[in-house]
Amino acid sequence: MNPQAKLIFMTSLLLGTTITISSNHWIMAWAGLEINTLAVLPLISKSHHPRSVEAATKYFLTQAAASALVLFSSMTNAWHTGQWDITQLSHPTSGLILTSAIAMKLGLVPFHFWFPEVLQGSPLSTGLLLSTIMKLPPITLLYMTSPSLNPTLLTILALLSTALGGWMGLNQTQVRKILAFSSISHLGWMAVIIIYNPKLTLLNFYLYTMMTATVFLTLNSMKVLKLSTLMTAWTKVPSLNAMLLLTLLSLAGLPPLTGFLPKWLIIQELTKQEMIATATLMALLSLLSLFFYLRLAYCTTITLPPHTTNHMKQWRTGKPTNVLIAILATMSITLLPISPLILALV
């Protein structure tokens, strides 16, 4: 893709995100979401492969439907209350429509079907944008309207997302699809706590973004798209593979690593709210995700391909590891001991 075109699309992406997260008026927020959608479409379809064009079409249709619902919800609220302010969403029907619209934008179950397909049709760099920065504006809207949302509906959506995100990722062989289901599962954790402690949702989102960015950038530098390629990647950059192993375990939420922090705090908050059953179910359902993260980690470092003659060994590259990947990987693995400082900042 032409560098000038890429610069324009990336700038538009940042502009759309900034407009949405800094707006008070529903129309401004909607305009920001539209700019975002239109800016990311060329980045999805830049390879001109039928698969990527299909992904771009699916993305456009779902996002357009979700944006229409956001507009409809805000207009219904304005009709009943005379308020266009985002934080003044007091009409219950508007709250329900908005929750559905944001769930569709984020890819929460039962509106998740587009997300794995779109991620599978996109390059890894665009997949990173779709999994991280494109989720920020909808989550910000949820954050601003959280006092008016329906707790039961959000809890059901969150439990379903965590269950299906873990379940459907189990038999995947494509790395991008596994990461898509991982994203759906993490969004479930964010949605369950948004009403009770919205700052915790943002903390979870920041840490998730950091760990996902590490995984995507590492896979991109190793040019890995499926598990069979991942099995032979250990010959290429062994140090990067070790970092990927630890980052995947952190993404799964295992204790000494950074990813354990949001899960621990969310379960603690749910227990404070006397939602013991929900907390237990969420913890059990995260075991499903743990299984496919372990599978990825196993393919990354522990497995040797069964028939070495049939597999192309990759030449070890002399290039040093990207500094950004090194910093992100270190943060994705080692932030748990300074959790009091992180909580003080949030």
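The backbone N, Cα and C atoms fix where each Cβ goes, and this holds for glycine too.
Keep in mind that TrEMBL annotations are predicted by a computer and have not been checked by a curator.
As given in TrEMBL:
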type: DOMAIN; residues: 23-288; note: domain 'NADH:quinone oxidoreductase/Mrp antiporter transmembrane'
type: DOMAIN; residues: 290-343; note: domain 'NADH dehydrogenase subunit 2 C-terminal'
type: TRANSMEM; residues: 56-75; note: transmembrane segment
type: TRANSMEM; residues: 95-115; note: transmembrane segment
type: TRANSMEM; residues: 152-171; note: transmembrane segment
type: TRANSMEM; residues: 178-196; note: transmembrane segment
type: TRANSMEM; residues: 202-219; note: transmembrane segment
type: TRANSMEM; residues: 240-261; note: transmembrane segment
type: TRANSMEM; residues: 281-302; note: transmembrane segment
type: TRANSMEM; residues: 323-345; note: transmembrane segment
**Message:** Counting only residues 6 or more past its boundaries, what in the same chain has a CB within less than 8 Å of a CB in the transmembrane segment (202-219)?
**Reply:** 124-125, 127-128, 131-133, 135-136, 139, 143, 175, 179, 182-183, 186, 189-190, 193, 225, 240, 243-244, 247-248, 250-251, 258-259, 261-262, 265-266, 322, 324-325, 328-329, 331-332, 335, 342-343, 346
**Asked** So, do the transmembrane segment (95-115) and the transmembrane segment (178-196) meet, by the test of 3 or more Cβ pairs under 8 Å (sequence gap 6 or more)?
**Response** yes
**Remote residues contacting the transmembrane segment (152-171) - C-beta distance under 8 A, at least 6 residues beyond either end** = 96, 99, 103, 108-110, 112, 116, 177-178, 181-192, 194-195, 275, 278, 281-282, 285-289, 291-292
